[in-house]
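What Swiss-Prot lists as K(+) 1 binding site is I27, D93. Taken from Swiss-Prot, the feature active site, charge relay system applies to K161, E461, supported by sequence analysis. Look at Swiss-Prot and you will find L243, K454, G457 tagged as K(+) 2 binding site. Under the heading active site, proton acceptor, Swiss-Prot lists E249, citing sequence analysis as support. What Swiss-Prot records for C283 is active site, nucleophile, and it gives sequence analysis as the kind of evidence. Annotated cysteine sulfenic acid (-SOH) per Swiss-Prot: C283, in sequence order, evidence recorded as sequence analysis.
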Amino acid sequence: MKAQPKASHFIGGAFVEDKAGKPLPVIYPATDEEIASLYSATPGIIEAAYAAALKAQGEWAALKPVERGRILRRTAEILREKNRKLSKLETLDTGKALQETLVADAASAADALEFFGGIISGFNGEFVELGGSFAYTRREALGICVGIGAWNYPIQIAAWKSAPALAMGNAFIFKPSENTPLSALALAEAYKEAGLPDGLFNVVQGYGDVGAALVNHRLTAKVSLTGSVPTGRRIMAQAGEQLKHVTMELGGKSPLIVFDDADLESAIGGAMLGNFYSTGQVCSNGTRVFVHKNIRERFIERLVERTRKIRIGDPFDEATQMGPLISAAQRDKVLSYIKKGKAEGATLACGGGVPKLQGFDKGFFIEPTVFADVTDTMTIAREEIFGPVMSVLEFSDEDEVIARANDSEFGLAAGVFTADLSRGHHVIGQIKAGTCWINAYNLTPVEVPFGGYKQSGIGRENGIAALAHYSQIKTVYVEMGKVDSPY
């Protein structure tokens, strides 16, 4: 097969197989072709991963932070050296255009490893003077952390979660999405090549039952999930029973607000980036595009013109700008939302169908879609679609659009396009969302935290904040005089 790995799992520094597990076929979304055959983790595989992690974690945490950081930075170098190879693997696994995976996947993973490897030696506790005595705090590792990944950015998510965890001295067990299991194994090999001690980064494959087993395992100190809100609720409930630490990066239905003084081409570019990149399969996408009534017609006319020029096709052709959705089930789901949008009265401005592509008739492709005349109560304006479907809504004034933007159970992201930066800051200050942009959209440098409000999540990925989520604070009080006791 095109992308068959050495084995399904990576445990204790080596590939491991157990064919007693449930078969896990890997499908190339552009052709519906099976490119690899793996097996879901058995209880024995899961226990082996925990045994390896437990054995390695203590010595790793005892290393100087600068020594841990050096290995992470070397891993980043290896990923960059192998970027093209890894990008091709990610394109096979996800169907995303190679044009995109070359710059957004392994490259972002390398950025995370480099960032956390560089800052960990300066991530220290506090010193508090208390007169004749003093106190200090220590940031200590949690132990064994679990990451559960999504299928839109497999290697990026694996690195975004494991880099801060490992930097802090934890061991890590990662379960990729069953749809995209391959690149996490490649990341494990890169860690090994960089000198990461065996057992610190383990990959176990599987379906939801494997994820549940990891969450519920007695040795799991923390769970970090990237996934849907329903999955997040289940994992929160499971983790809560044992008071485990959690980070939840969940779904969104984010607003992107375009005022009438905005640079039109820039705003349209931001809206397209925030709806069509990765074939619309991005949790932070600004799928509710609020456009001021004064520029609505010009905005939609130019948006449709540019959207129709998006090149859909062979993901390995570097001129291709959009590949397929991840699966037939996901395409069917997106098409059902398009049907619902039309039925509820939205105007289909462009797209909405399945393109005919020579040689890719079995692929899970869909046209980038724009709806106009969308109202706040329509299903396509309320629910996360996770596909290339943009809803354009009209607004008249600032207070109105702020209220409408906030009228959602989600709060992952938001964007504002305006020439008036004072207004931009004011509006963003009123929006209930965790990750926001002014005159940009969906740019996520690893140096800054990423995460949401409300039903969109708990905790943060990236930035110094991520290190806090993979550590616990120990307070030490030091008495320099005699104990003052009433006894």
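Using the three backbone atoms N, Cα and C, a Cβ is placed for every residue, glycine included.
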Check your understanding: Of I27, D93, L243, C283, K454, which recorded positions are close to E461 (active site, charge relay system), meaning a Cα within 10 Å of its Cα?
Key -> none
Review point. Among I27, L243, C283, all listed as recorded positions, which has the most CB atoms within 10 Å of its CB?
Key: C283
Revision key, fill the gap. Most isolated by CB count within 10 A, of the recorded positions D93, E461, is E461
Practice item. Quick one: of K161, K454, which of the recorded positions has the smallest count of other CB atoms within 10 A? Key: K454
Review point. Cβ-Cβ under 8 Å from the residue listed as 'active site, proton acceptor', same chain, 6 or more residues apart: which ones?
Key: S224, L225, T226, G227, C283, F450, G451, G452, G457, G459, E461
Study note, to complete from the structure: Rounded Cα distance, in Å, between D93 (K(+) 1 binding site) and L243 (K(+) 2 binding site) is 35
Check your understanding: Given the recorded positions K161, L243, K454, which lie close to I27 (K(+) 1 binding site), meaning Cα to Cα within 10 A?
Key -> none
Point to revise | DSSP state at L243 (K(+) 2 binding site), helix/strand/coil | key: coil
Practice item. For K161 (active site, charge relay system) and L243 (K(+) 2 binding site), determine the Cα separation and express it in whole Å. Key: 20
